[in-house]
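Undergrad: Can you keep this structure in mind? I'll have questions shortly.
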Amino acid sequence: MSTTTPSRTSSRTRGSSALQHSVVRPTRRPRIGWGGTIILLIGAAYCLLPVAWVLVASSKSAAELFSTFTFAPSSHLVDNISELSAYRGGLFWRWMLNTGLYAGVGALLSVVVSAMAGYGLAKYSFAGKKAVFNTLLAGVLVPAVVLAIPQYLLLAKLGMTNTYWSVLLPSIISPYGIYLARIYAAASVPDDVIEAARTDGAKDFRIFRTMAVPMMLPGLVTVFLFQFVGIWNNYMLPYIMLGDDKLFPLTVGLSGLLNQGASQPAMYTSVITGALLSILPLIALFLTLQRYWQVDLAAGAVKS
C-alpha cells in the first residue's frame, strides 16, 4: 500500500522548491566608478553652467554686466523685468503668448496626427505599408532647416505667410513623432486586446480612442514634449515666415533685441532677462509631465 500512495511530504517539498526557483531574486544595481561619476558631473556642469550664467547675468544692471565678475550676482532682476515688460508696450509678453500658442497648439495637433499614423502603421496591414514607413524614416533624417524654404514657397503661393498658420501648419506633421508613436503602439497595445474588442462589436475608431490611446499615453506625452520644446526653440521657420513683429515668437523677438544691442548696449540685459523668462515654462512643463514617465518606467518594470 505504501508503495502506491504518494507522499504528501515529498510533494510539499517539491512544491516549495519549485516556488523557490520561480521567485526572481532582486539583483543589485551596478555601481558606477569614480570615472563615470566624474564624466557625469562634467556633463551636468556643461549643461547647467550656461543656465546659471543667465540667472546671474539677468540680475545685473547694464553697467555691471561687463564690469563685474561673471558669476557675481546683483539685485536688479526685478528692474530688468520691469524694463523688459515696458518695452514697446509689453511686446515681450506678446511674444511669450505667441510662442505658447505655436508650441502648445502645434504640439497637441502633432500628437493627434502622430498617434493616429503610428497606430495605423503598427496595427494595420495595407498595400504600400513598408514604402510608407521607409519614407517616414527618410523624413526623420532630413533636417527641418532644409524644408523651411520649400515650405515658405508653398505657403507664399497660398497667401498664408505672415500669419499664425504659417508657423502652425508645418509643425503638425512630425516624422520623428510618428516614428515614436508607431514603436510605442506596437509595444504597448496587444493585438489580443484589439481582437477581443472587435469581437465584442467595437468599431476601429472606438478601439483607438478608448483603449489604444490610454495604453499609448506615456509615449504620446514624450512625443508632445519633444514637439513642444522643438517648436518653442524654433528660430528658422518663424524667421522666414513672419514679418510682423507682433506675430514673432520669443526666439525671433529676442534675436531682434540682440541685434539692437550693438548700438544700444543697455538692451543686452533685456535680452538676457528675456532668455531667463523663456526657459521657465519649459522647466514647469518638464516637472509637470515627469509623473507620466515614472508611470511608464514602472509599467515597463512590471512587464519585464
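These residue numbers are counts, starting from 1, taken along the chain as shown.
From the backbone N, Cα and C atoms, a Cβ is placed for every residue, glycine too.
Grabbed the feature section from TrEMBL, which reads as follows:
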type	residues	note
COMPBIAS	1-17	compositional bias 'Low complexity'
DOMAIN	96-289	domain 'ABC transmembrane type-1'
REGION	1-24	region 'Disordered'
TRANSMEM	32-56	transmembrane segment
TRANSMEM	101-119	transmembrane segment
TRANSMEM	131-153	transmembrane segment
TRANSMEM	165-187	transmembrane segment
TRANSMEM	207-232	transmembrane segment
TRANSMEM	266-287	transmembrane segment
Undergrad: Please work out which recorded stretch in 32-56, 131-153, 165-187, 266-287 has the most C-beta pairs separated by under 8 angstroms from the transmembrane segment (101-119)?
TA: 165-187
Undergrad: Among 32-56, 165-187, 207-232, 266-287, which stretch has the most Cβ pairs under 8 Å to the transmembrane segment (131-153)?
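TA: If we count Cβ pairs closer than 8 Å to the transmembrane segment (131-153), 165-187 scores highest.
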Undergrad: Six or more residues out from either end of the transmembrane segment (32-56), which same-chain residues have a Cβ under 8 Å from its Cβ atoms?
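TA: Residues packing against the transmembrane segment (32-56) from afar: 70-73, 272, 275-276, 279.
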Undergrad: With Cβ-Cβ distances below 8 Å as the criterion, list the same-chain residues six or more beyond the ends of the transmembrane segment (207-232) that contact it, or say none.
TA: 99, 102-104, 106-108, 110-111, 114-116, 118-119, 123, 167, 171, 174, 176-177, 180-181, 183-185, 188-189, 193-194, 197-198, 249-250, 278, 281-282, 285-286, 289, 292-293, 295-296, 299
Undergrad: Cβ under 8 Å, sequence separation of at least 6 from the ends of the transmembrane segment (165-187): give me the contacting residues as numbers and ranges.
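TA: That would be 102, 105-107, 109-111, 113-115, 117-119, 121-123, 133, 136-137, 139-140, 142, 147, 151-152, 155, 212, 216, 218-220, 222-223, 226-227, 231, 234, 237-238, 241-242, 249.
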